[in-house]
C-alpha cells in the first residue's frame with residue numbers, strides 16, 4: 001500500500017509538471033503567475049536584431065556599390081572599344097591582328113596615364129609590382145590550312161614581362177615594348193593575360209558618418225584565343241580586397257561619437273542574445289530531465305517503453321532554432337564591431353551570419369502565432385506534409401536529373417541555355433515555373449533538323465510532365481495534409497500515450513492543438529493498451 005501510494009504521488013507530481021511544461025506563456029502566467037521572461041526577451045531581441053541588420057545593410061550597401069562602380073569604371077578605362085554592355089560571359093571581342101595589338105597597347109598606355117585620366121581615388125601598388133603581361137602559346141610549328149596540313153607541338157610555353165609604373169616613362173620601357181615579346185604568332189597563341197593591382201579609398205562612407213575603407217583591386221584582362229576561330233574574347237575580372245587603412249586622420253568628432261553609439265548598441269544585442277541563449281539552453285536541459293522522468297515512470301508502472309514520437313514531444317524545435325540564431329548573432333555582432341572599428345574587413349562572413357540569424361529570428365515568430373488555432377494551421381500543415389514532400393521530391397528529382405543530362409548533351413551545342421549543367425538545371429526550373437517558355441523554344445538553332453525535332457519533343461514532354469502531372473501531385477500532397485489537419489482540428493487529434501496520460505489532471509488546461517505531427521504519423525495509442533493506462 002505504501003509503495004502504491006508513493007507511485008500515485010509520483011504520478012500526480014509528474015502530470016502537473018508535464019501539464020505546466022506544455023503550457024504557453026500566457027497559461028503559465030495564469031497558472032503560477034510566472035512572468036514570461038523568454039517571450040519578452042524574444043520580442044526585444046527581434047527589434048534589436050532587425051535594427052542592427054538595417055544599420056549593417058546600409059553600410060554594406062555602400063561597399064557593394066563601390067565595388068561594382070569601380071569594376072565598370074575599370075572596363076571603360078582599360079578595354080578599348082568597350083560599349084558598356086558585356087557580350088555574354090565576356091566583356092568584348094576583337095577580330096583582327098591589328099585590333100589585338102591596339103587593345104594590348106591601349107591597356108599599357110591607360111595604366112601609364114592612370115592618375116591623369118581616372119576620376120576615382122586610385123593609385124598604384126607600393127610594393128614594386130606593376131603591369132604583368134604573360135602570353136601562353138604552343139611551341140613552334142607550321143600550319144598550312146590551304147593544304148590541310150598542320151605540324152605543331154601541343155606542349156605550351158609561357159613568357160612574361162613586368163612593366164613597373166616608374167619605368168613606363170623611361171627608355172627601358174620603350175625597349176621592352178619594341179621587343180620580340182610583342183610579335184605575336186596568332187596561329188599558336190593561346191591567350192594573353194594582363195594583370196595589375198590598384199588601390200583606392202572609399203570616401204563615400206564619410207557622408208554616412210563612417211570611417212572610410214581602403215581597397216585593393218586585382219585586375220586581370222584575358223585575351224582568349226583558345227578556339228582559334230578568328231574571334232578573340234576579352235575577359236575582364238576584378239577581385240576586390242578590403243584592407244585596413246594604415247594611417248588616416250579625419251577632423252571632427254562626429255565619426256567617433258557615431259561609431260561609439262553603434263558599438264554600444266551592438267554590445268546590447270550581444271547581451272540580449274546571450275541571455276536568450278542561456279534561457280533556451282536551460283529550458284532544453286529541464287525538458288530532457290522531464291523526459292527522463294516520464295520514460296522511467298512509464299517503464300516502472302506500465303512495463304513498456306515510451307515511443308520515439310512521444311520522446312520528441314519534449315524537444316522543442318523552436319528553442320533549438322533560437323539557440324542557433326543566438327550563436328550566429330553573437331558571432332556576427334562581434335565581427336560587425338571589429339569591422340566598425342576597422343580592425344577586420346570580413347563583410348561577406350558577417351553578412352551571412354547576421355542575415356541568417358535574422359531569418360531564423362523572424363521564422364521563430366511563427367511559434368507565437370501558433371498559439372492561435374487559426375495561425376497554427378500553417379505550422380501543422382508544413383510539419384505533416386514534410387515527410388511526404390521529401391519522398392516525392394526524391395522521385396521527381398531522378399526524372400529531373402535525367403532531363404538535365406539529356407538536354408545538356410543533345411541541345412548544348414545548339415542552345416545557349418543548355419551549354420553547361422548548371423545553366424540547364426536553372427533553365428528547366430524556370431520552365432517548371434512557367435518562365436521564359438517561348439524564348440526557350442525560339443532560341444534553338446535550326447542547323448540540324450533532327451536536333452530541332454528532338455528539342456520540340458524534349459521541351460513539350462518536360463513541360464507537360466512537370467507542370468501538369470508532377471507539380472499538380474506536389475500541390476495535392478500539401479492540400480491533403482491541410483485537409484487532414486482541418487479534420488483533426490474539428491474532431492480531435494489522434495491520442496498518443498503521452499496525451500492519454502495527461503488527459504485528466506485537475507483543472508489545468510492543455511493545448512491539444514499543439515500536438516506534433518510525428519505523433520499523428522507514427523505513434524497512436526494502441527487500444528489494446530487501454531487496460532495498462534490508469535486514469536485518476
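Residue positions begin at 1 at the first shown residue.
The backbone N, Cα and C atoms fix where each Cβ goes, and this holds for glycine too.
According to TrEMBL, the domain 'Mucolipin extracytosolic' annotation covers 63-246.
Per TrEMBL, domain 'Polycystin cation channel PKD1/PKD2' is recorded for 349-485. The average pLDDT computed over the domain 'Polycystin cation channel PKD1/PKD2' (349-485) stands at 87.
Per TrEMBL, the feature transmembrane segment maps to 261-290 (among others).
TrEMBL lists 311-334 (among others) with the feature transmembrane segment.
The transmembrane segment annotation in TrEMBL covers 346-369 (among others). Residues 39, 42, 45-46, 49-50, 52-53, 56, 60, 63, 242, 318, 321-322, 324-326, 328-329, 331-333, 335-336, 338-339, 375-376, 378-379 of the same chain lie 6 or more positions beyond the ends of the transmembrane segment (346-369) yet place their CB under 8 Å from a CB of it.
Residues or ranges marked as transmembrane segment in TrEMBL: 389-411 (among others).
The feature transmembrane segment is assigned by TrEMBL to 457-478 (among others). Counting same-chain residues at least six beyond the ends of the transmembrane segment (457-478), those with a Cβ under 8 angstroms from any Cβ of the stretch are 381, 385, 388-389, 392-393, 396, 399-400, 403, 406-407, 410-411, 428, 431-432, 434, 437, 440-441.
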